[in-house]
Amino acid sequence: MVQKGVVFGVLLILFICSTLTSADSKPNPTKEEEPAKKPDEVSVKSGGPEVSEDQYRHRCCAWGPGRKYCKRWCANAEEAAAAIPEASEELAQEEAPVYSEDQWGRRCCGWGPGRRYCVRWCQNAEEAAAAIPEATEKAQEAPVYSEDQWGRRCCGWGPGRRYCVRWCQNAEEAAAAVAIPEASEKAQEGPVYSEDQWGRRCCGWGPGRRYCVRWCSNAADEVATPEDVEPGQYGRRCCNWGPGRRYCKRWCHNAAEEATLKAFEEEAAREQPVYSEDQWGRRCCGWGPGRRYCRRWCQSAEEAAAFQAGEVTASLMLIMFKACPCMGPVPSV
């Protein structure tokens, strides 16, 4: 009974597979044949210039500069054929100066420095032609000002003309800035100060002139500072440097405090032995192996002298115990 069921199942499966195979081999009447290409499309493609098509069967009948993008799409072959003579006339026409167009058909009638960006866009050829005399007049102006994307002019440059410290909104404001006597006075002053974008002057440089530690708003704020003293960002002076002048251990607020500290340093230099000080004024009166770290810090000179005397006594006792083993075990120092 089981064998009959297995045979019946195998036959049923074979029948179903043969039915599906025959159904796939029959032609599908609902499938539409691909329409043949129209003669006009073939004729346009065979002629020149060739036109690229997109996924909607639109044709590009006007390319942008360098063929990087399409400025105009044509819906059919008739419109593309009509656009070809128009494109040929535009190429043959000599325009001076030549303006680049964007994807909306606008023309650039005002370039920024180095032609890196456009500062003015014209909607049509008439507006572009009207902008040509204006651009010629601007080119003949002296001095020459660089414009940004908002049409402002730079009437005050920083050191080396690397950045602009003052922007003028129009030609009148720029002309007034040129006639300012302050600009010529600044050029003749010494020492020369670098200015930032707010017109402030640097009257205090950090180590190696890598950064400014004090900015002056006007000539009255500029105070002559000795070259060997480097003011901090709060107007304080460093009157005690750390090793290698890598950091400041003590800041002085005025000249009197600095003179007092110098007198204290001269007095400490005459003392023997010389102790190293930290940023809190403490002295190291006990060094570790190789003087790599300090084992004990003393608050005053008296404490340092007492510790030194005790250290010398302990060293003598250690030498005596080592020289005479009969005196017992060596005490720990």
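Note: Cβ is positioned from N, Cα and C throughout, glycine not excepted.
Per Swiss-Prot, the residue from CYS284, CYS324, CYS326 that shares a disulphide bond with CYS294 is CYS284. Each of CYS70, CYS74 is a candidate, yet Swiss-Prot gives the disulfide link of CYS60 to CYS70. Of the listed cysteines CYS285, CYS324, Swiss-Prot assigns the disulfide bond with CYS298 to CYS285. Annotation in Swiss-Prot places CYS239 in a disulphide bond whose other cysteine, of CYS216, CYS252, is CYS252.
Partner cysteine of CYS203, as given in Swiss-Prot, is CYS216 (from among CYS216, CYS238, disulfide bond). Checking each of the recorded positions GLN103, CYS122, CYS212, CYS298 against CYS252 (disulfide bond) by C-alpha distance, the shortest gap belongs to CYS212. Most other Cβ atoms within 10 A: among the disulfide-bonded residues CYS203, CYS248, that distinction falls to CYS203. With a cut-off of 8 Å between CB atoms and residues at least 6 apart in sequence, the same chain places GLY242, LYS249, ARG250 near GLN279 (pyrrolidone carboxylic acid), listed in sequence order.
Cβ neighbours within 10 Å of GLN149 (pyrrolidone carboxylic acid), excluding its own Cβ and spanning all shown chains: 10.
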